[in-house]
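Read the structure below first, then the notes.
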Protein chains: 2
Amino acid sequence: MDQIKQVAIVGGVHGNEFSGIYLVKQYQQQPEQITRSSFTTETVWANPEAHYANKRYLHSDLNRQFKTVDLANPDLSNYEQSRAKVLNAQLGPKGNARIDLLIDLHNTTSNMGACLILTQAGPFYNKLAAYVKMKMPEAIISRDEDHFAAEDHALMCTLGRYGVLVEVGPQPQSVLRQDVLELMHRMTQHILDFVELYNKDALPALPKQTEAFRYLHSIKLPMNERGERIGMVHKNVQDRDYQPIHPGDPLFTLFDGTVVPYQGETVVYPTFINEAAYYDNNLAMSLNEKVLIEL
Amino acid sequence: MDQIKQVAIVGGVHGNEFSGIYLVKQYQQQPEQITRSSFTTETVWANPEAHYANKRYLHSDLNRQFKTVDLANPDLSNYEQSRAKVLNAQLGPKGNARIDLLIDLHNTTSNMGACLILTQAGPFYNKLAAYVKMKMPEAIISRDEDHFAAEDHALMCTLGRYGVLVEVGPQPQSVLRQDVLELMHRMTQHILDFVELYNKDALPALPKQTEAFRYLHSIKLPMNERGERIGMVHKNVQDRDYQPIHPGDPLFTLFDGTVVPYQGETVVYPTFINEAAYYDNNLAMSLNEKVLIEL
């Protein structure tokens, strides 16, 4: 029977997302909060130098450095590329990891509440999603597991045999909000409780169907031919993560006042609306479809 | 009669406060929005390199570099200290400035709405405050003019013969929200309209009394003797800028769960609650008293 013996809770992959950093500190001070009888939990602070610099990263995004081929490439040697190799040695190696479950804690500036992001498929994840949503109905389940084989996934959480992201917002970069910290703590506790029950084959009856949002693609901010931004997310969309956008709904406002409607042909559900960290790539939001996780 | 002939609208003193940067761009594209018959308006982007670096500042806070003695000190030569001298030559010199009114546009991560901050005293400011509050009842008037002579004031807005800050939030650092941009635009328009009427001696009847908040002092986040943060702003205070804090009300939550009450003896009104940029100095919020501006 599948058993989760080693869990790692990772905070601070991004240096200016404070909740994970402080939640890891809290768990180090109060280890009873992450202690369960059937497995061992360790805490990891992934990117201290980015936090000291009060930045997402020093040289490159740590949460994009975990492809198997990149971990094996000695020429990738900047700070985050080096941290990825160290974390791979400490928690992995990816594909044959010491860590059975890696819980990676993140914040977003978007109004996403407490969101459990699944980047791989399988019955473990389906049961986890059903359990978390049952225990915490305000939780959002997000799926993004169809696009890559695990070895090609660049995310930190793919280092573990299993891995998930806990993504909580809205919280500005470089701020610690008590309400957001508590949401992250609650979701993390439900995950740990699930693992305990999973190991003991003592899960309660789980819902046969659990609502989730499946990632489709991201859309960019309006730009001119010189690559300069010429508009912003429409105020009707701002803060309305997970709310439907219908064909023709306002999507962007250009700086000259023009409203740009959504031109897709189906209803979509946005996430990471106006996320600060995605401006680098001029991303405006991610679009999703609503799906059901079936047990 | 006092006349305002030259107005400067300044954006981007802080590189990661996006509204002012984009509002200045908007006004450059649509100059009719800042054109009035009785004065000339120019726009200034104060700190481009900090914006390109996506940071508040490169070397030191530009909005703390405008003391007369510092502007005259050639040894202060880092990027922001150099920018301050350039801006002083362009718009000042401080104490005998070419610019009659400097409007400095800022964002905060705190839930402060549209806030007009007055850093100097006098009938011009009192009338401006009364007019803005009359035209825009949701505006907040904030006074912080009692503490320094103008020459000792370090803020950019003190470069002009008159100067005010327009401070709008909540907006995460490095994000552009349409609602916040519009609030900043509306307040700026009311200020320009006021100047036009002031110059023409055509002000409408203004309220005899206008509510304002007067800065008292700032308070720090809880720290231990090693200077490490041991707590955060209590969730009951978060987002409640301008709402009264009574003696004994919860103020902080320590990471061990202890609630720390407010220990002052009078009712105070907080601003800049949990502002991201103030973590450097471990500031938790500013405390204010409620006052009346009398005409």
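Cβ from N, Cα, C; glycine included.
Among the features that TrEMBL reports, domain 'Succinylglutamate desuccinylase/Aspartoacylase catalytic' is placed at A:4-194.
Annotation source TrEMBL lists Zn(2+) binding site at A:HIS14, A:GLU17, A:HIS106. Close to A:HIS106 (Zn(2+) binding site) in the fold, though at least 6 residues off in sequence, lie A:VAL13, A:HIS14, A:GLU17, A:GLY20, A:ASN63, A:LEU165, A:VAL166, A:GLU167, A:VAL168, each with a CB less than 8 Å from its CB.
Neighbour density for A:GLU167 (active site, proton donor/acceptor): within 10 A of its CB lie 25 other CB atoms from the protein chains shown. Taken from TrEMBL, the feature active site, proton donor/acceptor applies to A:GLU167.
The domain 'AstE/AspA barrel-sandwich hybrid' annotation in TrEMBL covers A:209-290.
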Considering the binding-site residues A:HIS14, A:GLU17, which residue's Cβ sits among the greatest number of other Cβ atoms within 10 Å? A:GLU17
The domain 'AstE/AspA barrel-sandwich hybrid' (A:209-290), counted residue by residue under DSSP: helix, strand, coil: 6 helix, 38 strand, 38 coil
DSSP output for A:GLU17 (Zn(2+) binding site) maps to coil
